[in-house]
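Participant: Sharing a structure below in structure tokens format, with a few things to ask.
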Amino acid sequence: MGLQSTRKRMLNRSTRWVSPPPEASERVQRDREGDPLPRRPLRPFKDQPKRKKIILGLQAFFPILDWGRRYDLTKFKGDLVAGLTIASLCIPQDIGYAKLAKLPPENGLYSSFVPPLVYAAMGSSRDIAIGPVAVVSLLLGTLLQNEIDPDKYPVEYKRLAFTATFFAGLTQATLGLLRLGFVIEFLSHSAIVGFMGGAAITIALQQLKGLLGIKNFTKNTDIISVMRSVWGSVHHGWNWQTILIGTSFLAFLLLAKYIGKKNKRFFWVPAIAPLISVILATFFVYITHANNKGVQIVNKIETGINPSSAGEIYFTGSYTGKGFKIGIVAGLVALTEAVAIGRTFAAMKDYQLDGNKEMVALGTMNIVGSLTSCYVATGSFSRSAVNYMAGCQTAVSNMIMSLVVLLTLEVITPLFKYTPNAILSSIIISAVIGLIDIDAALLIWKIDKLDFMACLGAFFGVVFVSVEIGLLIAVIISFAKILLQVTRPRTAVLGNLPGTTIYRNVDQYPEATRVPGVMIVRVDSAIYFSNSNYVKDRILRWLTDEQEKLEENQLPKIEFVIVEMSPVINIDTSGIHALEDLYKGLQKRGVQTYRLLMRSGAAGSCEPGEPVMEKLHASRFIELIGHDKIFLTAGEAVLTCTPKLATDV
């Protein structure tokens, strides 16, 4: 009697769904999506006077208006030290990264002046340091030079770079405004690890040109072309003075990095080492006139702040479409890196990062940057790490860095004239080494072999073909993994844990025993058109294999099949048709002796069984198999089966 009443209550609840309070529903939705941000961004504006709504609206787009009211001298001290520290790191890096993007060095400095100011006003991260980064610079340079030769047409090349930056910012801002941040999640962590590692190798190989003093160097980025170019010029293209400068300072930079890694108190050593290297190398070249002996130098860097480039962006013509495509790719990669960095440091300091606001902030700063002679800027992991360890408190550290770059552009840039390219190559090599995360790759191998294949595919695609092909492979493998998991959901045969009414996967729990005459199968996924036939065939295949084993050992045949559906969060019409076919197939095999017993989720606001049960009722599937075939737990279903088995025997 108790079992029947429980079943009735469960069936009644499936048809008379009572919604939980809005707050509870919202909380459950956030938990399921893993998003700590509010689902209703307009909620704070409700029932507020017009003046308050205006203030809230401004604070939503410019968070500095909110946290700026609580800013004090104590926070400024931390931001001042952090800003000066990351400025010493960013100046030499910016010059090198601009060369990586095939742009004049001043454009790299421009990109660390205007974008950080915009981000400081609009961004929600306290720790991220904004500016050009190695991977995006390489990607942008590779894609742009496929369209325009930067040596023959430098003006057109720069215009296309500004166009790509504009559309990169537009893409980022649009994703944020439309709350479509999930798009960047399609690049899996394993694919990103492989792509970043491959990009680091490619960037380092590209720097052999400056490190060895080679003048005629391949424009291809794959390892075979680069090594052929390097060894092809060994007898007539290498310059020993350049090699001496480059390797000496590379060793110094790596030593500084080692010191900072071994003792966190000396974080400032690797931060200021690049600037010290530039000063010493520039002074050495100046007093020895090494530039007259084949040592390649930076030469002139334009003095002054960012000139306007609004009139140089291609809004019409064939280059508009090319800039649009390049901008989307560069913008998404830059966005992925920035959001990952922001989330990392937000978790370390235990505060929330509004992903959509981040996208709007990053997009706006790149749109403004494209109008002021900047190329794509994003969050730099190395600079953000230094910013964090230097004690930054707010985004004011970005403002301090920006002001130092302004001072550099106005006063100091003529002093970089004799800076050797070799030292810039050394700085870039030392910076990108950190992108090769061997520990992460080994962990991926231990956890998931398919993930490791994605990691290797992206890595080898970048190293042996090109950056864009490596990125394409990373995206394809990430999508392929999603499709594989959707079309081949996990299913498991369950057994009883001795002494309990609990049923678990027999592969995961060897002590779990199968119930004689009963096969219990759990489906661990929603059942959609893409996987419904697989689920049905999988259950029938298991039944066939199990039946053959039982016949060989002369054991009782299977009389009942229980499908454990509590993990099934949703089902569509194809899934219901597949269940109907499964039920009919079981009937044909057992001539009325087989039964399809299904479990519904327990009642409650979060249980997945309720929407599934509603659809099963609407499709009349429940009537097909009978109401007496629905159970609250697998244990109840087994208890219903076993007395019948005993009677039959």
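Yeah, the Cβs are placed from backbone N, Cα and C, and that goes for glycine too.
Keep in mind that this is a model prediction, so the values were computed, not measured.
The annotation compositional bias 'Basic residues' is assigned in TrEMBL to 1-11. Residues or ranges marked as region 'Disordered' by TrEMBL: 1-45. Per TrEMBL, compositional bias 'Basic and acidic residues' is recorded for 24-45. For 128-148, 160-178, 190-208, 238-259, 266-287, 326-347, 359-378, 398-416, 423-445, 457-480, the entry in TrEMBL reads transmembrane segment. Among the features that TrEMBL reports, domain 'STAS' is placed at 508-641.
Quick one: how deep are these features, and who are their neighbours?
Facilitator: Beyond the ends of the transmembrane segment (266-287), by six or more residues, the same chain brings 85-86, 88-89, 91-93, 245, 249, 252-253, 256-257, 259-260, 295, 297, 386, 389-390, 415-416, 418-420, 422-424, 426-427, 430-431 to within a C-beta distance below 8 angstroms of the stretch.
Listed as Cβ neighbours of the transmembrane segment (326-347) (distance under 8 Å, sequence separation of 6 or more from its ends, same chain) are residues 124-128, 133, 135-136, 139-140, 143-144, 147, 160, 163-172, 175, 181, 183-184, 187, 192, 353, 355, 358-359, 362-363, 366, 376-381, 384, 388, 468, 471.
Long-range neighbours of the transmembrane segment (398-416) within the same chain, counting only residues 6 or more positions beyond its ends whose Cβ lies under 8 Å from a Cβ of the stretch, are 79-80, 82-84, 86-87, 90-91, 94-95, 105-106, 109-110, 112-114, 116-117, 119-120, 129-131, 278, 282, 298, 301-305.
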Participant: What parts of the chain pack near the transmembrane segment (359-378), using Cβ distances under 8 Å and only residues at least 6 beyond its ends?
Facilitator: 61, 98, 101, 103, 106-108, 110-116, 118-119, 122-124, 130-133, 136-137, 140, 161-166, 168-177, 181, 306-310, 313, 330-331, 334-335, 337-339
Participant: Under 8 Å, at least three CB pairs between the transmembrane segment (128-148) and the transmembrane segment (190-208) (pairs 6 or more apart)?
Facilitator: yes
Participant: Looking only at the domain 'STAS' (508-641), report the model's average pLDDT.
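Facilitator: Summarising the domain 'STAS' (508-641) by its mean pLDDT gives 79.
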Participant: If we skip the immediate neighbours and take only residues 6+ beyond the ends of the transmembrane segment (457-480), which ones have a Cβ under 8 Å from one of its Cβ atoms?
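Facilitator: Same-chain residues near the transmembrane segment (457-480) but 6 or more away: 138-139, 142-143, 186-188, 191-195, 197-199, 201-202, 220-224, 329, 333.
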Participant: What residues in the same chain, six or more past the boundaries of the transmembrane segment (190-208), come closer than 8 Å to it by Cβ-Cβ distance?
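Facilitator: Residues 100, 134-135, 138-139, 214, 221-223, 226-227, 230, 336, 340, 425-426, 428-429, 432-437, 440-441, 444, 448, 451-452, 454-463, 467, 470-471, 474-475, 477-478 contact the transmembrane segment (190-208) from elsewhere in the chain.
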